[in-house]
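Chemist: So Swiss-Prot says this about it:
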| type | residues | note |
| --- | --- | --- |
| BINDING | 48, 51, 55, 83 | [4Fe-4S] cluster binding site |
| BINDING | 85, 152, 177, 181, 214-221, 245-249, 264-266, 375, 379, 485, 511-512, 534, 561, 721-730, 805, 822 | Mo-bis(molybdopterin guanine dinucleotide) binding site |
| BINDING | 797 | substrate binding site |
| DOMAIN | 41-97 | domain '4Fe-4S Mo/W bis-MGD-type' |
| SIGNAL | 1-29 | signal peptide |
C-alpha cells in the first residue's frame, strides 16, 4: 500500500500523539469513525474546543449525543490532523459529574454563605441573583458588581456579556481570563501598530526559512502547528529552528539553535539582536524611513502589585506606564549600544556563538523569519515590552507582513482573539479595538447600541487580578464568572483570591459544566451548555472566524451562557439601574427591561427563527422567539465593517471553514498591511501600518528591568508554571477523559538531577514547594519531558489536587495587567524519599 505525503503526515501525527499520551494507536480508532454510510451517524463541522489554533473537526452525533470526532480534511488550519486532545473531543462532554441543575448554598431552606449546595430551580437561582445585584447596585453603584469571562466564550456570548455589563449595568468591571494569557500581546500590537492581532497567517509556516520560538513550547501547546513547522523543517534542509526558553522542553528536539536563558533576560537578548542588526549594517533603511518612527517608553513602571507594596512605592512611573516620548533613529542607535554580544551572553547565560547565530538569522536579508511566542513572552512583568521589542527586530529588517516574514503571537484559548480581543470584553475595551476611555469610541458604541449619550462609563473597570483584590477588600459585592476557573488558574490563590470569594460580604456565581475548584468555592453554581450543545462562533490566532450549529441538547437543566445572560437581563428595569439624568435622555426606556433595551431593540431581534438552517435546533432562538445569535453577530459586525475589522455576513460563516478578517466582498485577508493582500492598503504604498494615524509603526527603545521577585538565600529556586500536552489549562475537561487522565494523572515537580541530589531526593520523592505566599506538594521528576536548568523548577497547573497557584506571585505587567506566572522565588522542602 502506498501513501501520499499528506496521508503519511496524518498517520504519523496520530502515532506521535498517541505515543505521547501513553496509549496504543488502536485506542484512538473509536474516535476516528469516517464512514457515515456504514454507521448511520450525522456529521457536522465545528472548530475544536481547545486551544487558539482553531483546528477544524468533524463531529458525529447519534441519538442526541456526540459519539465521535475526527480532523476535518477540508479545514485549512489542520488539514485533517488533530492533536491528542482533539482526538478525544467526544469524551469531554460526558463526565459523570456533569452539572445539570443550579446549586445554591443553603441552610434551613434559604441561602447561607456557610451552607451546603442544594438544587434549586432557575427561577430561584435568578431570584437570589436579582436580590444580590440590586442590593449591591444600591449600596455601591456599578462599581460594586463584576464579571469574569473567558476566551472560551462564543463571540455572541462575550458580546452579550459586554452589552449587559457596560451598557445595561453601566459597569466596566468585566474582564476575560485572556487577561492572564493574551493582554500583553494585545497591548503590544496596539502600541506598535495601533491595531490588535497578527498581520500574518499560518501559511507563513510553509514560506519561512527560519523559525524562532520565544517562550513557546509549540510541540505540546500548539502541536498541530508544530506538525506543519516540523514538516517544513524536515522537507527543506536549509530551514533552521531556534528555540528559547528558561528550561528545556519537547520543542528543543527540533532545535538547530537551542538556548536556555536566565529568567527575564529575554529583554537583553532582544535588544542585543536589534543592536547587531544596526551594527552589522543589516537595517532596511528604506523601509524604516518610510514606514516607522521611534519612541522611548516610560521606565521604572513597577510590577502591578498592590499600591502599598514596597516595590510599587519605589516605582516612579507606575501611573504612566503606558506612555512614551518621540525620539529619532540615532537616539535609538545610542540607546542600544550597551547591549553587546558580550553583555547579552553574560546576562542571559546563553553561549555567545548561539546568540550571534540567532541574530544572523534576523539580519540576513535572504532569510525569511517567523517568530512565534506565547505565554513565555506574555506572562511576564515586562510582557508588553517583549512584544514591542520583537516587532522592533522585524521592522528594522523589513521582515514583516509578507509570506514567511512574520512576527506571530500564538493564542491559548479558542476565542481569546475572536471574543476577548475583537469583541472587547476586557475592562478597558469596546469592540473593534475601541476603548472606553475614548469619547469618540463611546459615542460610536452608544449609537450602534441605540443608547443615550453617557451610557458607557469612561473609566476602565477592574482587571482580572484587581477583581480578586476588590472582592477581598469588599469593594466588589457580586461577582459572576463564566467558562473560567480562576480559583485554580489565578495567581496567589490563598492570599488574594480565596479570601474574596469567601468574604461574607460577597456573593459569587459560577457558570460551568463541571464542579471545578472555582465552582466549589462559589455561592451559586449555574449549569452551562458546552461546545456543540449550543450554536457558536470562535475566532482563532490568525484572525479566522469560525461558526458551528447546535448539534445536540445540553443535559438536564444546563443552559448556555448566552441564555443565562439574556434571560437574567429581564429581571431589571432600566429605571432601576440607570440614574434619572441618563434616563431623561431616553424617556421611552422607562419601565422597559434591560432585555428590551439591549436584546429586543429592533435590530438584535430582527431575524426570525425561519432563518435557522433546516435540521438544526437552537435552544436560545426557541426561548426568545428570534434568531438571537444572528442578530447579535450582525449588530456586532457593524463595529468593524469599513474600519479594517470587516466581517462577512452571518450566513457565509456557516458555509465556510472560517474566514480571516478583514473580509471585504467575502474575500478574506491573509497578510495585513501589505499591498496586494490587504484591501485597506492604498495603491502604490507597498506597506501601510494604517492602525496609527500617520500609518507608521513605532519602534520602541525599552531597557532590561529586573523581575519583581528573584531567588535569594531563603528561597533559592525559580518557579515556572505552565501546561502539558495531554491537559488543557486547569484540566476541567481533559481530566475527565480516562485516556488523558491515565496518561498524565498528576502534576509533577520537574527538577534538575543535580538539584535533586543536593536535596537528597530522587525521582518519585515527594517535596513541598514553598513561597512567601503558600505551598504545594508534588512528586519529583528528573527524567521527564521538561528539563529545567539548575536552580529552576517547573510545575504544570492542570492538577486540581495540587494547586501550584497557591505559590505564585500576583505581579503583573503594569501596562497590560497580565500576570507573570513564569517567575517567582521558592524553596524546596523534602516530605518523603522514594
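Even glycines carry a Cβ here, placed using N, Cα and C.
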Chemist: What does DSSP give as the helix, strand and coil breakdown of the domain '4Fe-4S Mo/W bis-MGD-type' (41-97)?
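Modeler: Secondary-structure breakdown of the domain '4Fe-4S Mo/W bis-MGD-type' (41-97): 7 helix, 18 strand, 32 coil.
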Chemist: Take the Cβ of residue 220 (Mo-bis(molybdopterin guanine dinucleotide) binding site) and count every other Cβ within 10 Å, whichever protein chain it belongs to.
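Modeler: I get 21 for this one.
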Chemist: Cα-Cα, whole number of Å: residue 724 (Mo-bis(molybdopterin guanine dinucleotide) binding site) versus residue 83 ([4Fe-4S] cluster binding site)?
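Modeler: Residue 83 ([4Fe-4S] cluster binding site) has its Cα 12 Å from the Cα of residue 724 (Mo-bis(molybdopterin guanine dinucleotide) binding site).
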Chemist: List the same-chain residues at least 6 positions away in sequence whose Cβ sits under 8 Å from the Cβ of residue 534 (Mo-bis(molybdopterin guanine dinucleotide) binding site), in sequence order, or say none.
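Modeler: 154, 550, 554, 560, 562, 619, 620 - these are the non-local Cβ neighbours of residue 534 (Mo-bis(molybdopterin guanine dinucleotide) binding site), listed in sequence order.
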Chemist: Looking only at the domain '4Fe-4S Mo/W bis-MGD-type' (41-97), what is the mean pLDDT?
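Modeler: Within the domain '4Fe-4S Mo/W bis-MGD-type' (41-97), the model's average pLDDT equals 97.
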Chemist: Around the recorded [4Fe-4S] cluster site, report the further residues of that chain (criterion: Cβ within 8 Å of the mean position of the Cβ atoms of 48, 51, 55, 83; site residues excluded), sequence-ordered.
Modeler: 50, 53, 54, 78, 82, 85, 86, 223, 224
Chemist: Calculate the distance in Å between the alpha carbons (Cα) of residue 215 (Mo-bis(molybdopterin guanine dinucleotide) binding site) and residue 51 ([4Fe-4S] cluster binding site), and round it to a whole number.
Modeler: 17
Chemist: Of the binding-site residues 85, 248, 797, which one has its Cα closest to the Cα of residue 51 ([4Fe-4S] cluster binding site)?
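Modeler: Nearest candidate: 85.
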Chemist: Look up residue 220 (Mo-bis(molybdopterin guanine dinucleotide) binding site) in the DSSP assignment and reduce it to helix, strand or coil.
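Modeler: The three-state answer is helix.
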Chemist: Translate the DSSP assignment of residue 375 (Mo-bis(molybdopterin guanine dinucleotide) binding site) into the three-state scheme.
Modeler: helix
Chemist: Which binding-site residues from the set 220, 248, 375, 729, 797 come within 10 angstroms of residue 83 ([4Fe-4S] cluster binding site), judged by C-alpha positions?
Modeler: 220
Chemist: Near residue 729 (Mo-bis(molybdopterin guanine dinucleotide) binding site), which of the binding-site residues 48, 55, 797 can be found within 10 Å, Cα to Cα?
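Modeler: Candidates kept after distance check: 797.
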Chemist: Around residue 215 (Mo-bis(molybdopterin guanine dinucleotide) binding site), how many other C-beta atoms are within 10 angstroms of its C-beta?
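Modeler: For residue 215 (Mo-bis(molybdopterin guanine dinucleotide) binding site), the 10 Å Cβ neighbour count is 24.
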